[in-house]
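Colleague: Could you have a look at this structure, given as structure tokens, before my questions?
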Amino acid sequence: MDSSNVPVLKDEDKCKFSMRFTNFLKSRPELKTKPAILNGKRVYYFRVKRVLRFLTSEAYTPKKYKGFPEISSREEAIEVLKLLIMNSMLVRVDKLPPKQRKQKLVELQINRNQDFQDDMHYVWLYEPLPKRVMALAVLFALVVLALVLFPLWPMFMRKGAWYLSMGGLGVIGLFFVLVILRFFLFCITAVIVRPGIWLFPNLLADVGFCDSFKPLWSWHNSKSEVKKTRKSKKLSKKATSPAASATPEKSSTSTTSLKNLRHRNPTVEEVSE
């Protein structure tokens, strides 16, 4: 990148510029970022040609943003991306072959050779804290402060807090009662009506609150599990059938040989003295 277009920045200013420029690029739809998995974490990656095409096009308007450099060539855009790499904003990755046929997210692997060819892929490493998380942190701090000042609360607020705590304990108690009741119901129906019925089958599943109570009931084995068991039984029968068919053939050959021995005509053999 030409030094006339970009001012000389200190280390702190370079870091701030990298964060601002990264947030700007992440918000641009021209990059067409896609979700993927890198080291077990969900990340977003993009192609080099898309970011270079955007930075050298008319869609990139640096005059609207203070401190953004003017970019007129591919080399200048690459220099800006190198600055982002030096500040750990992005890193080059390679796609791994899929482990399954229908894999939802692509798995990535870091490539140490930080080059900028058109078909190469890069991942955003910089993830700023969302405003929602910061708001929740402030709210949590205020709640803790309010609990610490509980002795200074007026009497009506203390009574309200006591009623709320009792209501929360009641909800937790009802949840445990529901878990015990559905277990007893399953044990009874497993004996009377096999394979058994579960009340609120998704109650303990890793789903949302509303989905935990859908459906109202279901059988112990789902349709997919029943199909799998049937297929396994069919495969086991097919595997055992050749061995079973092979044994009668052996027995039939042995019986035919015995019959031939029985119906053979008597013969006289000469014995040399």
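Note: Cβ is positioned from N, Cα and C throughout, glycine not excepted.
Annotation source Swiss-Prot lists compositional bias 'Basic residues' at 228-237. Annotated compositional bias 'Low complexity' per Swiss-Prot: 238-259, in sequence order. Per Swiss-Prot, topological domain 'Cytoplasmic' is recorded for 1-132, 189-273, and the stated evidence type is sequence analysis. Per Swiss-Prot, topological domain 'Lumenal' is recorded for 154-167. The transmembrane segment annotation in Swiss-Prot covers 133-153, 168-188.
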Colleague: What mean pLDDT does the predicted model reach across the topological domain 'Cytoplasmic' (189-273)?
Modeller: 66
Colleague: What are the helix, strand and coil residue counts for the topological domain 'Lumenal' (154-167) according to DSSP?
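Modeller: Its residues divide into 13 helix, 0 strand, 1 coil.
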